[in-house]
Amino acid sequence: MTITEAVAVMEEAIETVVGHATEAQTERDRQIAEDNGAEMVTGTTAPAKSTPTQAQTEAEKKAERLRKLQAMKEKHAQKEAKEAAVTAGSTRMLLAEMDQKASGTPGPNSPVAGAMSPAPTSPAPPMPYAGKFDPKAIAKSSKAARPQSPTRLGDVKLAAPAPKPLGLKKEANLKGAGLLPANRAKSSTKRKIDMDDEEVIKRKLVKLPDFVPENADSTPDAEGEGEEEADDLDLLMAQNEEEMAEAHRVLQERRDERIQKEGMAMDVDTETPNGETKDEAENEANVESKDEAVLPAPSMDVDEDVDPLDAFMADLEQTGSAGGIGSVPARQKQKAGKGFEPEAYFSDDDYGYEEDKADPSSILAMASKKKKKDIPTIDYSKIELNQIRKNFWVEPQELSQMTEDDIADLRLELDGIKVSGKNVPKPVQKWSQCGLTRPILDVVEGLGYEKPTSIQMQALPVIMSGRDVIGVAKTGSGKTMAFVLPMLRHIKDQDPVTGDDGAIALIMTPTRELCTQIYSDLLPFAKALKLRAIAAYGGNAIKDQIAELKRGAEIIVATPGRMIDLLAANSGRVTNLKRATYLVLDEADRMFDMGFEPQVMKIFNNVRPDRQTILFSATMPRIIDALTKKVLREPVEIQVGGRSVVAPEITQIVEILDEGKKFVRLLELLGELYADDDDVRALIFVERQEKADDLLREVLRRGYGCMSIHGGKDQEDRNSTISDFKKGVCPIMIATSVAARGLDVKQLKLVVNYDAPNHLEDYVHRAGRTGRAGNTGTAVTFITEEQENCAPGIAKALEQSGQPVPEQLNEMRKAWKEKVKTGKAKDASGFGGKGLERLDKEREAARVRERKTHKAEGEEDDFKEEETAEDAAKKDKAKSAILAAASAIVSRESAKADASEAKPLPAAAEGAVKGGVTVNAGKGGALDKAASAISEINARLARAGQLRPGQPIDNKGPDAGAFHATLEINDFPQKARWAVTNRTNVAKILEATSTSITTKGNYYPPGKEPPSGSDPKLYILIEGDTELAVGKALSELTRLLREGTIAAADAESRAPASGRYTIA
């Protein structure tokens, strides 16, 4: 059959498909109608006309779709006929190419497989097919033609398809018309098969023509995609083998073109055996012909008589024999003797990561470093810092005209201001002279501040000039505004905070309450100047504060502990102090009194060196002068009213009472206070937290509304308590010294020191909660005769404030000084803070003890404690005591022998007594002394044959062991005695040694000897059949006794609990 005849047969088959489909549909409709009629006869409940009507409708739809398909095909055939004259040469070229492929001998000028070829076109309209369409007959004729194919197995070539189709419409038209299924245009991921042992070449599998069984039913389905697939299958079956391969070539070309247009990720860059990409091979194929290394695609030119798998395997063998080293792609190299080595994408090696070796020392060092919360150290010498402006002070003309005498008189009038330093600016007298901006002055006027206070008059010009300042002023004198107003001017002069920049101003306070109060005072100014401020203190979730810092802030008000947490969080990436140029310590002296010096110094060392530092407090003892020299540079010291002085507006009353009369006197004071005015507040200070809760219950029982606040309460409770106290919800508040700093309540008229403060600074701050901002108040202090240590501070405060000192209080002060002189008592200033390192050590020691207690049997310790001199002394003491208590192992035969014949303590027991180290007893030093002590004990026991004078050794019964030893435990601590008599420990020793352990004697208190004729002191008798068993048991008992003794000594040396709470 020639190519022209094949084209004619294909067109006739298309015409026949349409007619056959119409007849088949009509036959199905008739069958459905007959079935529905049978159902009506048998009495079914379905309507009689519904099904035939529906079948007719479906038949009409099917017929309409087939008519549209036929019209499209006719239009396409007419267009091809018009192009036949133009493409006649191309058609002849295509026919010649197909004839050459069928004969197996390529012509001299034939194009290489893979080059672009025009699509087949029919030169004339098809002739009608006179016969009946029979798919089975067509399949049989196709099968009969297969043996005549000249293509051999070895001649099958695989090559990439041609890139472009010519003269045909896009595949979307065929799919929309129902010729192609919707999912056929989608390409699945190509699987790559490795069946070669030496070389691997990446190949792409192409879908082969659909296999149609000979007895397949060609009746199209009536639903969805089944109809389209049936029509397409009928179309393919109506062709011969060569035309079928050509049709698949066209479909593959259209599919590739659509994929390229849609940008789908397909493997179109597959390498050829020569190392070139497919596109490069195709471009070269258009210029010159290639050798047979370039193989045609199996889905285009492979005859159906060759099995696809056989063709693929044969092609692999041919390529493997012809390929060289260069044919193996770089990403699919194969190791000798091994399978295919996959390539890792997005590997850690691509980024240069290197895994550190698991060094235990480095892991422990890293763990301890994370636990320590170290702040990243910043070396400012290697950082180029921007220059900042700190001096904003311009002296007004009014002040410049004042003489030195005028300035001295002015300072004397302003509560006796004292300044020290070089070139101290003159004090101002009104807000307009301070050099503040207009928005700041508007807020000041809105808050009702008419004129500056004494400390503000002198501190504002000094701070505005950029100098470091130490400010000491009485409580309630406006110290907060003295450092806040210059801070705002300092911040506005610098660039805005952006990105990861830290804050410009940092204010640190010792208590959370003072932190919140300063923050609330800042808010009106920050809002007016569009600045952001953050209050960072403990008790609240740190994640919220970190989130605020991430958004950026110019001002941070914080406590030292929480500030260190923020600086150390995430290895210092949360915030930093690189831009912090204004640093304030409010109530600075109390920070160091509370033990914050290490934390404060860490923060100071992390701030840039050209900062401006301001220290403010109501008390500034000389003891912290050394600190100020470390952190300040040429400071100006300002004192208003002297150091540690109670304001003159406060009336101070000191009463010496017994402990039982304090509460009655407190009720009298409260009754007198609220008899005159109901809208007043009273603040009661106590020493301990449990005392605050106990006093709260007693006051509530008397009908007074009150609340308590102390460090043991949650921060939210503390905040709400202070808020309610200020609003008057609860007019009485009971607190520890945690509320003695920064608490500012205008209606506070009475302060009661229920428990007297133990040093001057605490007393000044407690009394300073009242009489603030020019108001009057009363401070009453209860002191007992036993509290002589509190008398010196209270008496000094009365003297400095110009108030009389009670005679009895003066006598108590003298008595205390006499005790200090004679050495019976020790005076303490209150500044004994050493940071939190001591607490960390105590927690670590407790953790080690807990791990030892809960350690599983046989588990080895994974930590090593550092033995101090104190620990060594405890072990030596326990060792000597055990040496004196343990006896030698004596047999029944030698019980009455001479002391020189007694057997010494075996090496195992002696090693246990000496701390687990066994040595020869002949060496000098302390070991000789221990050996001589053991010999003396053995000699005494063996010579007399008695445990104690007058007491026989009681292992003479019929069941007594051949060897025995004793261990006296009467004079050891209770923990040690319990360790060697505990049933669990004894049972383990009995099981391990097969000995008998008996506790005998009576317990006598330390220092008491047993009377004559009574039982001896408490001891343990160890009996066994062999000397080795008795020695092993004695060794274990002495080890337990030594550990118990050391544990008891540790418990005694530890400081007792704070006593704030007790467990009932």
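Heads up, the Cβ atoms here are built off N, Cα and C, so glycines get one too.
Features of the protein shown, as given by Swiss-Prot:
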BINDING   ALA473, LYS474, THR475, GLY476, SER477, GLY478, LYS479, THR480  ATP binding site
COMPBIAS  42-57  compositional bias 'Polar residues'
COMPBIAS  220-231  compositional bias 'Acidic residues'
COMPBIAS  858-870  compositional bias 'Acidic residues'
DOMAIN    460-638  domain 'Helicase ATP-binding'
DOMAIN    665-813  domain 'Helicase C-terminal'
REGION    22-63  region 'Disordered'
REGION    97-170  region 'Disordered'
REGION    211-231  region 'Disordered'
REGION    257-305  region 'Disordered'
REGION    320-346  region 'Disordered'
REGION    820-872  region 'Disordered'
According to DSSP, does GLY476 (ATP binding site) sit in a helix, a strand, or coil?
coil
Determine, for the ATP site, the additional residues of the same chain whose CB lies within 8 Å of the mean position of the CB atoms of ALA473, LYS474, THR475, GLY476, SER477, GLY478, LYS479, THR480; present them in sequence order.
THR453, ILE455, ALA618, ARG772
Among the binding-site residues LYS474, LYS479, whose Cβ has the fewest other Cβ atoms within 10 Å?
LYS479
Quick one: of THR475, SER477, THR480, which of the binding-site residues has the smallest count of other CB atoms within 10 A?
THR480
For the binding-site residues listed here (GLY476, GLY478), tell me which residue's CB has the most neighbouring CB atoms inside 10 Å.
GLY476
Give me the non-local Cβ neighbours of ALA473 (ATP binding site): same chain, 6+ apart in sequence, Cβ-Cβ under 8 Å, ordered along the sequence.
SER454, ILE455, LYS479, PHE616, ALA618, ILE638, GLN639, VAL640, GLY641
Across the domain 'Helicase C-terminal' (665-813), what does the pLDDT come to on average, as a whole number?
85
Where DSSP helix means H, G or I and strand means E or B, what are the helix, strand and coil counts for the domain 'Helicase C-terminal' (665-813)?
69 helix, 26 strand, 54 coil
